[in-house]
Amino acid sequence: MAPVPPGIRFLASFNRDQWYKAFTFALTFLLYTSFHLSRKPISIVKSELHKNCSHVMRAPTESSSGQQPVLHPELDCSWKPFDRNNYKQLLGAMDYSFLCAYAIGMYLSGIIGERLPIRLYLTVGMLTSGLFTCLFGLGYVYDIHSLGFYVFVQVANGLVQTTGWPSVVTCIGNWFGKGRRGLIMGLWNSHTSVGNILGSLIAGYYVSSNWGLSFIVPGVIIAAMGVICFLFLIEHPNDLKIACAQSSAPSSQKVHKNWNGVNGHKDLYLQYKPGAKTQSWDTELLLGQESIGVCVPVQQQQVVVVKSEAEPSPISFMRALRIPGVVEFSLCLLFAKLVSYTFLFWLPLYITKAAHLDAKKAGDLSTLFDVGGIVGGILAGVISDKMGKRATTCAVMLLLAAPTLYGFSMISQFGLGPTIGMLLVCGGLVNGPYALITTAVSADLGTHKSLKGNARALSTVTAIIDGTGSVGAAVGPLLAGLLSAQGWDQVFYMLMTADFLALLLLLRLVMKEHCSHRKRPGVAVE
């Protein structure tokens, strides 16, 4: 008999639960990658909406002799209404409309998400997000020049995109415990940067020839991922256990489910109908391993309904705010996300102006910031797991980020090589704390011991933290649009100030971590 290949032996070493964990990890990774993929095109297309296309042409006459060259100004080829002198403010207003709607919607999204099935909630959000992303691109196809149209699409897209983050974080938190959470979340959160990179490459491919496709293609992708979400997403391991229990039940026994409540987990009813006439009494274990096991005698021709009291109810918004550390990390994320999203929306345009590159090359170069962000997010997770100090890890990276931003503003004027190096370093230091707070820290706080095991709080806590951060994400690009009119130096001063403020907000938690003697990794807030 031939030996089993080593690759097959490796695959066979994983049990069913591990395969489902890996599948959920990969699926949620791809789902949120598509969210960021659909947000990135606007930053690439900005330089095409208003571009410097001044060139010398001769006036069309019968004879060119004695004719003087005619200079065609920028407004001849820019996309109206972004052909005006205040185009930076108009582009900033578009960013602000999306991000402001996203910030407001995020506070509601977590609360709503706890009370609806995650799979359906996320599917609807992705399908509608794909619709509005495509609508923006159709503005090019149908030659729409109304600022109100583009602002409306941005607002609507910002609202529906809030369905994504609380849903995927809750789902991944349901499947993975606290062990090595920083590393797992750091790897998983690289979907943000992967989505930005793919969005930049896709948008950059079409931007010069047909910028409408820069939106339509990502819109189709996120809608298609929404369909995949509906078909394959498993919200909680208990869902799988219940499905397996049903499929393995005897054919003479009918099992009925009644989902009554939150995500199919709040109130779980299992009804057993004995079918054999000779059977007078039977005993069944009605609840899953993670619930309270109840053995109930079931009499012939009788239906017994057992309600699980172990499933907690969603927490209120104010109770979530009272969890130690939620307010500090939320406000810190406000300033950290301000910096990250300013780069997300304005970096390609800055590179276009500073390095004098076209839109496609600037978009490709800006992906290096996200490559650095992948490495920074993973390093932040690994270090915080090793040290057991989430706040300290964030504080050190924020401290290093501020002078690095100043260095980038100086070095980017000295050629392509130094710019590439600084983009990688800035990406790691800027996105590291942002990634750690939105993933591992949110999951830690959402399962804090003060909740007494109420894991249903995770969606609300995640929405509060990311919603507060999204306020900064809305303000940052808007300020960048206003300050860039006075020079890009003013934008970088604003970013450095935001980093220092984020650092100050973490000082109390840093001091508490250093005074604590806890051995296990996690957030040092009790």
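The backbone N, Cα and C atoms fix where each Cβ goes, and this holds for glycine too.
Curation does not apply to TrEMBL; its annotations are automatic.
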Which listed span TrEMBL calls transmembrane segment, if the choices are 20-42, 457-479 | 457-479
Looking at the candidate ranges 145-165, 187-207, report the one that TrEMBL labels transmembrane segment.
-> 187-207
Same-chain residues at least 6 beyond the ends of the transmembrane segment (213-234) with a Cβ under 8 Å from one of its Cβ atoms are 20, 23-24, 27-28, 30-31, 34-35, 37-38, 40-41, 44-45, 118-120, 122-127, 129-138, 171, 199, 202-207, 240
Overall pLDDT of the domain 'Major facilitator superfamily (MFS) profile' (27-514), taken as the mean = 77
Among 187-207, 457-479, 491-510, which stretch has the highest count of C-beta pairs below 8 Å with the transmembrane segment (90-112)?
-> 457-479
